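Student: Sharing a structure below in C-alpha cells format, with a few things to ask.
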Amino acid sequence: MTEKAIGIIGGSGVYNIEGIEIIKEHTVETPFGTPSDKVIQAKLNGVEFYFLPRHGRTHGVLPHEVNYCANIYALKSMGVEYLLSVSAVGSLKEECPPGSMVLPDQFIDWTKGGRRRTFFGEGIVGHVSTAYPIDMKLQKVIEKACAGADVPHHVGGSYICIEGPQFSSKAESHIYRGFGATVIGMTNVPEAYLAKEAGMAYATLAMVTDYDCWREEEHCSVEEILKVMKKNNESAQSIIKLALNDLNANKFDINKENTFAIMTPEEAMTPEQIEICRVLKK
Ligand SMILES: CSC[C@H]1O[C@H](OP(=O)(O)O)[C@H](O)[C@@H]1O
Ligand SMILES: Nc1ncnc2[nH]cnc12
C-alpha cells in the first residue's frame with residue numbers, strides 16, 4: 001500500500017463497503033490487543049483503502065467492548081493517515097432529522113466505564129491537544145460527497161458520547177440538549193482522541209437514525225432505528241464512494257499535532273515502547 005493510506009471504520013449498519021474488490025484480509029495483532037475484526041484491504045473504482053467494521057462484521061462487540069486502541073493502532077501500522085469514521089447517532093436537534101447526516105466538529109466525553117483512551121502510559125508520557133479533534137480538510141471532502149450524493153446534511157456541532165449500551169433516559173437527553181450537543185452516540189470517544197494521538201486526519205460521518213428520546217413522542221427503539229439504518233447505509237455507501245475518489249485525487253498534508261506529544265526520552269524506553277512511538281509518529 002502507498003504512503004498516506006485511507007481508512008474507513010464502519011459503524012452500526014455499515015459492515016462492508018459495496019462493490020469492492022478485496023485485495024487482502026489482514027489478521028492483525030497489536031501491542032494493545034486484537035482489533036474488532038480483520039482489516040480489509042480493498043479497492044473501489046481503482047482507489048485503495050482499508051476497512052474495519054467497528055463492532056465486527058457480525059456486530060458482536062458492544063460500544064464499551066470495542067478495543068479502540070487496537071483498532072486505531074492496527075490501521076496506523078498499515079499506513080492509514082486519513083480516517084473516515086462512519087457512525088449511527090441520535091439527533092438532539094429538530095433540524096437534524098433521521099435519514100440526514102451530521103458532520104460534527106467537537107466531542108463531549110460522557111463515557112463512564114473507564115475505556116482505555118490513550119496509547120501512552122506504563123512508561124510513556126504524552127499529551128495531545130483535542131481542541132480540534134476533527135480534520136477540517138477531511139470534513140470538507142465528506143461535505144462535498146454528501147452534496148454530490150444529494151443527501152441532506154448538517155455541518156458542525158458536538159457529538160456527545162455516552163457509555164451505553166442503553167439509550168438515554170428523557171432527563172439525560174434533555175441535559176445533553178442543554179449542553180448544546182447536536183448528536184449522541186456511544187463510540188467516537190475515545191476513537192477520535194486516539195486517532196489524534198496517532199497523528200491521523202480523522203472525520204466523522206454521523207448518520208442520524210432517531211431523535212433520541214427528548215421529543216414528546218419518542219422513546220428510541222432498536223426496531224425504529226433499524227428501519228432508518230438501512231436507508232442510511234445506502235446514503236453512506238454513495239457518500240463513501242465519492243469521498244474516496246475525491247480524497248485519493250487530493251491527498252493533503254496533515255497537521256501532526258502529536259509530533260511533540262511524547263515527553264519521555266527514547267533512552268528511558270524499552271524497545272517495544274520505542275516501536276509503539278515510531279508507529280504513532282510515522
Ligand atoms: C444500534 S444504534 C446504537 C449504536 O450505534 C452507534 O454505533 P456506531 O457509532 O458504531 O455506529 C452507537 O454509538 C451505538 O453503539
Ligand atoms: N439515540 C442514540 N443514543 C446513543 N447512540 C445512538 N446511536 C443511534 N442512536 C443513538
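Indices start at 1 and increase along the chain as displayed.
Cβ from N, Cα, C; glycine included.
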Student: Looking at TrEMBL, which one out of T118, T130, T182, T187 binds phosphate in the same site as S12, R54, H55, S87, A88?
Tutor: T187
Student: From the binding-site residues listed here (S87, T187, D212), select those whose CB sits under 6 A from an atom of ligand 2.
Tutor: D212
Student: To which of the recorded positions S12, S168, T187 does the lowest count of other Cβ atoms within 10 Å belong?
Tutor: S168
Student: With phosphate as the bound species and S12, R54, H55, S87, A88, T187 as its recorded binding residues, calculate the greatest Cα-Cα distance and give it in Å as a whole number.
Tutor: 12
